[in-house]
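Visitor: Pasting a structure below so you can have a look.
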Amino acid sequence: MKASEIRSAFLKFFESKGHQIVASSPVVPGDDPTLLFTNAGMNQFKDVFLGFDKRPYSRATTAQKCIRAGGKHNDLENVGYTARHHTFFEMLGNFSFGDYFKQDAIAYAWELLTEVFKLPKDKLWVTVYAEDDEAYEIWNKQVGVPAERIVRIGDNKGARYASDNFWMMGDTGPCGPCTEIFYDHGPEIPGGPPGSPDEDGDRYIEIWNNVFMQFNRDEAGVMHKLPKPSVDTGMGLERITAVLQHVHSNYEIDLFVALLAAAKQAVDAAGAGDSDKDSPSLKVIADHIRACSFTIVDGVIPGNEGRGYVLRRIARRGIRHGYKLGARKPFFHTLVAELVRQMGEAYPELARAEARVTEVLKQEEERFFQTIANGMEILESALAGGAKTLDGETAFKLHDTYGFPLDLTADVCRERGVTVDQAGFDAAMKRQREQARAAGKFKMAAGLEYAGAATTFHGYEHLVHEGSKVTAVYVDGSAVPSAKAGDDAVIVLDHTPFYAESGGQVGDGGELRNGTSRVIVEDTQKIQADVFGHHGRVVEGEIRVGDVLNARVDGEQRARTVRNHSVTHLMHKALREVLGGHVQQKGSLVNAERTRFDFAHNAPMSDAQIAKVEAIVNAEILANAPTQARVLPMEEAQKLGAMMLFGEKYGDEVRVLDIGSSRELCGGTHVQRTGDIGLFKVVAESGVAAGIRRVEAITGDNALAYVQQLEGTVAGLAGALKAAPAEVPGRVAAVLEQLRTLEKELAALKGKLASSQGDGLLAQAVDVKGLKVLAARLEGADAKALRDTLDQLKNKLKSAAIVLAVVEGGKVQLAAGVTADATARVKAGELVNFVAQQVGGKGGGKPDLAMAGGTDPAGLGAALASVAGWVGERA
């Protein structure tokens with residue numbers, strides 16, 4: 001049976017047992033920002049097991065795409081060097097949500113393995129949790145597995161219920177014993193049965209795990225029986241395929257045989273020649289193309305953090321192993337086509353995204369091959385001395401200057417038996433960060449110590465708060481009892497309507513005052529998570545700790561800022577709609593003037609795409625829908641599908657913002673209705689880093705002023721061209737075409753002028769040791785005419801060294817040429833550099849032709865006069 005047939009047989013078997021076939025969820029969890037990648041079949045059913053979600057079925061079966069390449073589940077370093085480690089794999093599973101339990105689960109597993117897959121019964125071993133007598137009895141008495149092939153596994157991880165055969169979702173919650181099924185590859189393979197001292201050998205291989213969730217563990221560690229126990233099982237498709245195809249390694253199954261052949265062909269074509277078909281590097285490449293492709297399909301692009309970083313690390317590891325085999329140009333992306341042939345039918349989303357996946361990987365390869373070329377040369381040089389440790393400074397230089405990741409350096413070193421000085425690397429990294437902080441913008445939180453009451457924020461509802469008490473005053477970074485007129489101060493209040501900078505939104509400005517004192521607030525930032533510092537200048541009186549002030553936010557500044565913040569949410573949603581679900585926020589800055597939004601995307605936006613985003617957002621604005629903000633438990637926010645950023649730390653309760661069709665977690669301030677935004681206009685789109693784009697946009701009166709300015713510019717052009725505004729593009733195109741024609745005519749005239757001068761220069765050539773030497777200035781020539789005239793003179797003088805110069809706009813252009821028969825004696829590059837240095841410049845080139853420039857025309861005459869002497873010394 002092929003892998004595809006085994007996958008299908010598994011799903012059809014459980015469908016015949018009343019299970020709903022459920023499609024694989026994406027490898028990127030859509031509702032769990034704490035989970036890097038989907039790493040088990042049960043991930044998509046987590047809320048069902050916890051009781052937060054109800055499904056219309058109580059039995060399910062899946063073939064789940066999984067990735068284990070980061071965090072606790074990280075198999076990356078082993079991939080390619082063992083028979084069964086992968087970054088991407090498929091987990092076949094069957095699930096019972098309070099329906100059947102141990103007896104049926106075990107019976108189904110046995111029936112599938114022995115009757116459908118026809119595995120010999122005497123080749124199968126099982127393990128059970130030591131205290132799970134029920135599972136033991138089912139295996140022994142009902143299924144008929146002999147006692148000598150049933151192994152009880154107790155608490156073997158240093159604590160109660162800490163066992164390979166006891167599964168827990170977390171410190172609390174659903175948990176229970178599990179039973180694992182092993183296949184015996186036979187005595188010719190080293191290794192002992194599970195639970196024995198030699199269990200880590202390859203003879204006995206786990207192929208299926210059945211978890212029986214029958215307890216709920218409370219915070220005290222007490223186990224309470226669940227009223228409706230459930231079943232969660234997982235069987236790796238690659239492992240069971242290896243067993244059924246009678247091969248020992250997963251890399252020998254049909255799916256990998258095809259990918260390995262494609263990998264070898266691609267690597268060989270990229271410069272390897274004839275790579276070793278059994279090389280671990282080919283296995284790395286074949287494995288990694290699966291992980292990379294499915295990750296990109298589900299919306300991730302290579303980056304420097306989170307999932308994007310893991311994707312980049314996997315892709316670059318695969319590329320480097322091709323480089324190790326001899327590949328010297330991009331090859332990795334070409335394997336996507338073969339992967340689609342192998343898995344596109346089972347996962348149609350892969351086939352649909354083939355072109356996009358290929359292009360993303362191609363771009364990453366092109367960037368990384370340049371990085372490899374620079375970094376490997378330095379690393380090889382550092383390792384050539386034979387030291388057993390690579391110093392941290394060198395590792396950091398590779399990382400910081402050449403973009404060579406530390407893990408890649410560690411991979412290369414590990415293969416040479418060399419360790420990396422991690423402590424030295426960390427010290428260099430820390431030093432750089434400290435230097436960057438010292439050179440960066442002052443943040444009021446730096447160095448301000450505060451131990452008073454928290455600040456209560458009232459700014460969602462009000463722009464004014466009366467009766468705010470001063471709890472701390474800082475001047476020049478130090479806590480003081482008071483600040484007087486003229487002081488630049490930071491003032492902490494117990495209650496405030498001022499929004500403190502957070503989530504990309506800048507802090508509010510405004511005014512603090514009482515009967516005798518006044519402070520102009522320029523910025524508001526957080527000293528601590530719940531303590532707001534109001535930074536400004538005392539303009540009247542004196543502000544003391546304990547004073548009571550009235551706090552008033554600058555309403556116009558806030559209104560402009562909230563328009564820009566609210567439109568950022570609508571723009572994010574529109575970008576995902578236009579460009580794809582892979583778009584993810586990477587940074588933002590929202591102030592009163594504009595919004596700046598950085599997001600993951602691997603190509604510049606077209607004018608049509610920008611126009612579509614503008615149309616979608618402005619349609620949302622015209623709908624004038626009300627904005628709703630709610631504080632909800634995190635679990636409820638997840639169920640509502642609120643967008644959240646991976647890697648962000650959220651509390652038990654979160655603020656969910658609904659604006660138009662967007663639903664995100666956000667603590668910022670926003671408009672009451674979408675119509676309050678007024679107008680939305682994108683003013684710039686650019687790239688800020690590999691795989692990161694930036695959009696800048698404006699709203700409201702700023703957008704109106706921008707459009708009016710553009711209209712004024714067009715009107716001015718129309719007047720100059722004596723045309724109607726609608727005719728401006730056509731008129732400009734006609735003028736540009738006329739300009740191009742005139743430029744061609746001018747260039748031709750310059751060429752003729754230079755050529756005519758060249759004929760007159762032949763008589764100026766002097767004989768220097770059998771070589772004709774000519775150094776002269778042309779008038780009215782450009783760079784092309786200079787080169788053309790030089791070529792004509794070389795042809796006519798036969799054996800010569802020539803320097804021609806032209807002065808235009810206060811700058812000197814030089815061209816030097818040496819005929820082929822004389823380049824052994826005189827080099828054009830050296831000659832032109834000699835002349836250029838005398839006119840304030842430098843240059844170089846090939847032995848027969850070289851160009852240079854200079855900034856000092858006054859020295860040109862003497863420089864040209866020195867050419868014959870210079871040639872004479874070398875000829």
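Using the three backbone atoms N, Cα and C, a Cβ is placed for every residue, glycine included.
When I checked Swiss-Prot for this same protein, it listed these features:
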- HIS565, HIS569, CYS666, HIS670: Zn(2+) binding site (BINDING)
Visitor: Need the DSSP three-state call for CYS666 (Zn(2+) binding site) to compare against my parser.
Guide: coil
Visitor: Including all protein chains displayed, how many Cβ atoms other than that of CYS666 (Zn(2+) binding site) lie within 10 Å of its Cβ?
Guide: 25
Visitor: Compute the centroid of the Cβ atoms of HIS565, HIS569, CYS666, HIS670, then list the same-chain residues not in that set whose Cβ lies within 8 Å of it, in sequence order, for the Zn(2+) site.
Guide: GLN505, VAL562, SER566, THR568, LEU657, ILE659, GLU664, GLY668, THR669
Visitor: What residues, ordered by sequence, lie under 8 A Cβ-to-Cβ from HIS670 (Zn(2+) binding site) and sit at least six positions away in the same chain?
Guide: VAL562, HIS565, SER566, HIS569, THR627, ALA629, LEU657, ILE659
